[in-house]
Amino acid sequence: MSADTNLMPIPGPVDPVPVPRAAPVRADGRVELVGLSREAIRDALGAAGMDVRQAKLRAKQLWHWIYNRGVTDFALMTDIAKAQQPWLAERFSISRPGVVEAQVSTDGTRKWLLKTDDGHEFEAVFIPDADRGTLCVSSQVGCTLNCRFCHTGTMRLVRNLEPHEIVGQVMLARDALGEWPSQPEGRMLTNIVMMGMGEPLYNFDNVRDALKIVMDGDGLGLSKRRITLSTSGVVPMMARAGEEIGVNLAVSLHAVTKEIRDEIVPLNRKYGIEELLQACANYPGANNARRITFEYVMLRDKNDSDEHARELVRLIRHYRLPAKVNLIPFNPWPGAPYECSTDERIRAFSNIIFEAGISAPVRTPRGRDIDAACGQLKTAAEKRSRAALDREQAA
Ligand code: SAH
Ligand code: SF4
């Protein structure tokens, strides 16, 4: 059964776009190979007329060229007969998302504004650190969930990204960092977080298929221990995420009372805190060595009191969760209805959790100067159209 979470009605201050548009077939009629499993590549070759035995061998070779070597041109595939290369090129493509703009922050963070073939913009962010490099990957164009503190949630257009558009973000970052062929040692891009635009568990099948390719040992070769999927709490999909994808889980908790979470994460009206934490307790693969990360955005005078911190500790203990807490200073955007908590407040909040024996680091915002920090992702086109709307309204 395919996970048709696309059409779930979500209560919230703004009605979600009910039916995300399907990704169109390529205008030139060619089949995109990126994002397909080995078997699907083999079947696509067969459907184009290649005989079964050859298709199996070619699929294996193509997989290696695409995911291990990063090659996008069939003419460079030296173990495929010269005469067959144009035959492949006519029928298939190996592409990357279009790059509208690539920016580099003063702190080394990179942001790519990307575009799908049908003209929708989305973003990916690379955050280099001393001992690792993390790519923040988007799962949707926009997001239907309308969390009140999140800029992405205000985008009007929403479409699920296809597997090739999700894997494509990783491949494009590898291109930019010069990290082909895939090698286990000395990489800059070591970790992936599904924390860009969109709710990954509302695009389950595509995210799973994409991450399977990212984790394939003969492909991009990133371990599931270095991949984290962040959800705002799509409870019915969490067990499947653990079973079928098996990556680390991060949960955007952000509040410990129904009243406050209902306000800032409207999905809470559908799946409440108790249900969510129970699903975390049952998450396959979570244990003390692989903890669940609870993300908590620090909103001034909203969710940041000592009492809230103590309640958070109580909940974690009550559900016996192998947990760490990530405190995220709120990143403001124009027109946002909240402010960030003060530094002292964040420190006091963190101390209470820390003193209960739970790790609670405060995340340093990265790439703020290029609007690359958490929750700031919203494409320039959307900002422009918003500005245009405001002008129309003012006129
Ligand atoms: N939709 C998923 C993943 C993308 S959001 C989710 O909500 O978990 C990644 C993280 O950034 C989430 O924890 C989200 O709540 C947080 N975030 C969103 N807007 C933010 C903002 N303005 N400041 C700080 N963090 C924000
Ligand atoms: Fe969507 Fe996550 Fe933003 Fe909420 S925080 S609107 S779920 S991207």
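Each residue, glycine too, has its Cβ placed from N, Cα and C.
TrEMBL annotations:
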ACT_SITE  E123  active site, proton acceptor
ACT_SITE  C374  active site, S-methylcysteine intermediate
BINDING   C143, C147, C150  [4Fe-4S] cluster binding site
BINDING   G198, E199, S230, S252, L253, H254, N331  S-adenosyl-L-methionine binding site
DOMAIN    129-369  domain 'Radical SAM core'
Fill in the blank from the handout: Whole-number Å distance separating the Cα atoms of N331 (S-adenosyl-L-methionine binding site) and C374 (active site, S-methylcysteine intermediate) is 7
Handout entry: Spatial neighbour of G198 (S-adenosyl-L-methionine binding site) that is closest, considering only the recorded positions E123, C143, C147, C374 and their CA atoms
Key = C143
Problem - Rounded Cα separation (Å) that holds between S252 (S-adenosyl-L-methionine binding site) and C147 ([4Fe-4S] cluster binding site) - result: 10
Fill in the blank from the handout: Smallest Cα-Cα separation from E199 (S-adenosyl-L-methionine binding site) among the recorded positions E123, C143, C147, C150, C374 is shown by C143
Completion exercise
Long-range Cβ list for H254 (S-adenosyl-L-methionine binding site), cut-off under 8 Å, min separation 6+ in sequence, same chain only, gives C147, F149, R261, I264, V265, E295, Y296, V297, N303
Handout entry: Spatial neighbours of the residue listed as 'active site, S-methylcysteine intermediate' among the recorded positions E123, C143, C150, S230, L253 [C-alpha, 10 Å]
Key = C150
Exercise for the section: Grab the S-adenosyl-L-methionine binding residues from the record (G198, E199, S230, S252, L253, H254, N331) and give me their largest CA-CA distance in Å. Expected result: 19
